[in-house]
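A.B. asks: Before I ask anything, here is the structure I am working with.
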């Protein structure tokens, strides 16, 4: 069987997630982000397209590197205002049967005890379709509003997250035996107390002596998502993640990242393919190449250069408001910008120097990932090339115009992929984990959470 | 117009909320608490009955006073396992148009910054139908799992909650002006940054310098619920609450509580009726009195004495496992029990002394509130008597058997109340606040949150 391609959709509980300024497009629906209908329509659409899941990003702060304030972010609707992603899941689960939900939440936001219950609750309500995208840090502006002067130092953050996950794994895997809940109506026994165990966690950051307060859900531990690419981030992902989201400007850069991640998985005692890797892509397509190019040109008219600079400044850690838009990128004092410039030159010949404004216009639609424009056949070719060259499992599809971008993919690209036998005709049965890994609803024995199972621990 | 009666339903994300052991009843659906269908069916049912709202209780710990362990609670399914209530709202909102959702969350569980966003998100998604039941404390077992040795001392807890609410009110009322979000597609301005204000809160417990991260929702501040009856609790409710839930064994006890609350409202500069007061009642009804009595007798067969003692021990703070079930209540060393005994004697003549087992059997269905049994006419008479004698606005209806108890009320009681002209035929328009108070979607000028409005603060 030829190598299969998987799709995820990438959105956020705000306007114009990776498409700066495109909330102005007359067909864009992202202004409805604060209604239930926006999300239930989207979930049903993605399920029609046999997407693995919907991945919902999140930040709890504003982008304020650009100009040193949040003014540009507010003016451009650049991921602010932004609402909570967890609260969308039950409405979307009610109107779908198979779609997974990968929801972002930070290990620095909430004590693990109530957080464990939130995810168990969603895993119950979705019948095992919840993934959690683990974020270890947050924007400095979020840290300040949580009463901290700044976020923890990078590697220290991961140590904190390690213990945070340990508490969660003990609660999810190590507290209730599978047959603890008996619901014996004759004997009047709902739960057998002998089969529910306090976790007795006493660590550096957390003391959690008691039992998990939720009964076991279909997956117990939700599918763990991760999106870090630093060395410590990759080590963390290798131990914990079952789906990994990356962004790379080209297939050869991606190939190196993917190899590093798969090597990390092996180093952590897991199979190289135990985590599905999805790379960020924005697809603009239509009935023909010409249609697609016209659509892209039309979208570009609504893109916001200032919005894109606001994001890019935040991502790269440099205040680009100091530069004119026609300043050559080569003059910007920033290692991140200089390394990006190398990729930009490979990506496209401008016939002149790349400027700050060019970078912004390139990032305005699709953020740090590539934007691929073409007919369904052309898109399919390009996706197959990325998979072949980079050993990636699938694509994390951002939108230019919500929900039109995904509708176009379903109409023009998926039929071609199916014709080629490289895209599923329907969903596999079972939970999200079973769909992704095909090896059961629960974590594999080689995966870190399994170390905290009741059966692995000394049971009093 | 004769005095109107309002209904709320009272449930919890677990089995047999106030009906110990009744998860064993063959028609009880509470075992489905961990499915979306249980909640969407319930929401649609309650909307058919023109209920004001569904009030979802919560605890984050187990009842462990009885026997000094959580074993009896687990065995009886006594509010454990219990899932998160907030995550139910969006699914229920998707299938209803008017029903309000009053959801319990503690001020000790989570930092107010992310919590403010959770409730703003729900107020957006429900189009202004969210109420928040403010809980200032929690079970000691919950405190331990949050890394604290015990919960804060009672009055100090309220001081902490006061500041917690101050932060929330500043975020909800004081950060974004009403016309901050302009969505000007021509000018490319989503939000006017000049109309979004950092709250600059610096207090004893919290430092929150920044802006609220959500745009204004229909109600801004959700409808505030409260359920405390201590002097400090009443003062807190008088300042903050718009719906107050109480439980009293008799109408004359209730009358004193209601007067105390309404006096408190006036002392806080509000109208005596600015908070709706609902008292806990369980109704068992049928086509005739005989049917109702037979139904109650059948329910009683499934009640769990041990489960009721587990709850009662927790509520009264005394370990009743020390006593035989036929021990006279008069022998129990507890002021709370002795004061309860006085009410029990007024409530029913046993023809012998009340025992520990009698108290448990009485509390097994309906908890600390009365259980009223009779035909629709008889129930209506009794509810009218309570309203007339106690000046209460309505009733918080627990279930004996889910959802049958509420179905019976809708079938047998509400038509009688409507015939008497004392129950709404349909919903008033607008948000939950508008439906309860009839004075607009936003908090009244005399209500504490209004003090933190943008217009009331020095705007930089």
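Heads up, residue numbers simply count up from 1 along the chain you see.
Positions of Cβ are set from backbone N, Cα and C atoms, glycine also.
Unlike curated entries, TrEMBL annotations are predicted automatically.
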A.B. asks: Write down the one residue from A:230, A:250, A:304 that TrEMBL lists together with A:58, A:104, A:154, A:158 as binding FMN.
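C.D. replies: Site partner of A:58, A:104, A:154, A:158 for FMN, according to TrEMBL: A:230.
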A.B. asks: For the domain 'Luciferase-like' (A:25-388), provide the mean pLDDT of the predicted model.
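C.D. replies: The average pLDDT of the model in the domain 'Luciferase-like' (A:25-388) works out to 94.
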A.B. asks: Including all protein chains displayed, how many Cβ atoms other than that of residue A:230 (FMN binding site) lie within 10 Å of its Cβ?
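C.D. replies: Result for residue A:230 (FMN binding site): 12 other Cβ atoms within 10 Å.
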A.B. asks: What's the most sparsely packed of the binding-site residues A:58, A:104, A:154, A:158, counting other C-beta atoms within 10 A?
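C.D. replies: Each of the binding-site residues A:58, A:104, A:154, A:158 was scored; lowest Cβ tally within 10 Å is A:154.
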A.B. asks: Give the three-state DSSP assignment (helix, strand or coil) for residue A:230 (FMN binding site).
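C.D. replies: Note: residue A:230 (FMN binding site) is coil by DSSP, not helix or strand.
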A.B. asks: What whole-number value in Å do you get for the largest C-alpha pair distance within A:58, A:104, A:154, A:158, A:230, the residues recorded as binding FMN?
C.D. replies: 19
